[in-house]
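Record features (Swiss-Prot):
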{"type": "BINDING", "residues": "His98, His197", "note": "heme b b562 binding site"}
{"type": "BINDING", "residues": "His112, His211", "note": "heme b b566 binding site"}
{"type": "BINDING", "residues": "His216", "note": "ubiquinone binding site"}
{"type": "TRANSMEM", "residues": "48-68", "note": "transmembrane segment"}
{"type": "TRANSMEM", "residues": "92-113", "note": "transmembrane segment"}
{"type": "TRANSMEM", "residues": "128-148", "note": "transmembrane segment"}
{"type": "TRANSMEM", "residues": "193-213", "note": "transmembrane segment"}
{"type": "TRANSMEM", "residues": "241-261", "note": "transmembrane segment"}
{"type": "TRANSMEM", "residues": "303-323", "note": "transmembrane segment"}
{"type": "TRANSMEM", "residues": "335-355", "note": "transmembrane segment"}
{"type": "TRANSMEM", "residues": "362-382", "note": "transmembrane segment"}
Amino acid sequence: MVGNNTAYNTNAPKSVGPWRSTNKLVKIMNDSFYDLPCPVNLNAWWSFGSMLGLCLVIQLLSGLLLSAHYTAHEDMAFDSVVHIMRNVEKGWMLRNIHANGSSMFFICIYAHIARGLYYGSYLDKTVWYFGVHLFLLTMAEAFLGYTLPWGQMSYWGATVITNMLSVSPVVGESMLRYVWGGWTVCNATLKRFYTLHFLLPFVMVAVVFLHLFFLHEKGSNNPLGIESGTMCVPFHPFYTIKDLFGYVCFSFFFMYLVCVDPELLGNHLNYWPANPMKTPIHVQPEWYFMFAYAILRSIPHKAGGVYVMFLSIVVLYLIPTLHTGKYRSLCFYPLNQVVFWVLVGSFISLTWIGARPVREPYIILGSAFQLFISLVYCWTPFLYGCEMNYLNTLNFV
């Protein structure tokens, strides 16, 4: 009976351990970041995920501050941007941070996707699918934001991109008129785009939490693509230091863009107000959409170009089904490593071609690189089979 008295002692401590592990609310964050078990062999490519989180925070804060000074009206939108640049205290920096933050966002997201493709992270299908959802939301958000300054390239870019809806069978024209709010891109279009541009980031934050939830449920992948449940270290301090170093490197390049060369990745035609009566010689999107634009114009048929461009993006959903090998990482597949770098080279080449005028040889080059990308997806399962057969002959598997 004496031994049982301690069970009813109300003065006995109810919990043991650090405060971050016993407080119910803090414990959620602690288990997700501080004490999160991580594989011991993660390299620098895994830092781009945390950089994306930093980019999202930067874009949210700078966007909220800019929205306090922006006017969503076709007659005042351009002037409100000029007002931000000239009259608002540090408005030039705020606008440059938001404009170049989108470029940094896409640099990080393309690196993040490339890491997932190379190291086989897509085999965690739920995590991968939510990541692709985020990529599509980011593209939509970037397009909507590109139209808001209502400059010459913004206006005509919105006209060209929204016209793609017309290729949809039966409902295409109705969808186009609904998005425009009239018979052409107008004030109603700008208000719709501003509203969606303001709301979508909050949807993205929700999807980010789902992405992280499913990631932490199974644990992170690693460069070797092997199970690492018994070889893990806590996220802090091992990977917080790596992430902080990544933030410092990120900040150097980001602040160079903001303070020294803010127009390096921009388009000078957007410094002219939108003029519906004058079409630019070369209507083009921002650099991070150039690959899709090059694919679009490499196919003469309008509907065919739109469908192929759309498939070049949503094909990411099919990537897990193309993996037929035993190992996750491409470290064990030399031929597929070559195919991967062909894919990267084709993507960079299409980005460069998209910025060139619509004439030969750029049109034929765009078609060639688009064909390379299509063949990559067709060859991948076959190459996995060839390499697995070769490894079988060497008794490696």
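Each Cβ is built from the backbone N, Cα and C atoms, and glycine gets one as well.
Owing to the predicted nature of the structure, the values given are computational and were not obtained by experimental measurement.
Looking only at the binding-site residues His98, His197, His216, the one with its C-alpha closest to His112 (heme b b566 binding site) is His216. Around the Cβ of His211 (heme b b566 binding site), 21 further Cβ atoms fall within 10 Å across all displayed protein chains. Among the binding-site residues His98, His112, His197, His216, the residue whose Cβ has the fewest other Cβ atoms within 10 Å is His216. The two recorded residues, His211 (heme b b566 binding site) and His197 (heme b b562 binding site), show a Cα separation of 21 Å. Put simply, of 128-148, 193-213, 241-261, 303-323, the stretch with the most CB pairs closer than 8 A to the transmembrane segment (92-113) is 241-261. Residues 32, 53, 56, 59-60, 63, 67, 70, 72, 127, 130-131, 133-134, 137-138, 140-141, 144-145, 147-148, 158 of the same chain lie 6 or more positions beyond the ends of the transmembrane segment (193-213) yet place their CB under 8 Å from a CB of it.
Same-chain residues lying 6 or more positions outside the transmembrane segment (241-261) and placing a CB less than 8 Å from one of its CB atoms are 42, 44, 46-48, 50-51, 54, 93, 96-97, 100-101, 103-104, 108. If you measure from the Cα atom of the residue listed as 'ubiquinone binding site' to that of His197 (heme b b562 binding site), you get 29 Å. If one looks beyond the transmembrane segment (128-148) by at least 6 residues along the same chain, the residues whose Cβ comes under 8 Å of a Cβ in the stretch are 70, 72, 77, 102, 105-106, 109, 112-113, 116, 121-122, 154-155, 157-158, 161, 189-190, 193-194, 196-197, 200-201, 203-204, 207-208, 210-211, 214, 285-286, 288-289, 313-314, 316-317, 319-320. Through the fold, the transmembrane segment (303-323) approaches residues 113, 117, 120, 122-123, 125, 128-129, 132, 135-136, 139, 164, 167, 291-293, 295-297, 370, 373, 377, 380-381, 384 of its own chain, all at least 6 residues removed from its boundaries and within a Cβ separation under 8 Å.
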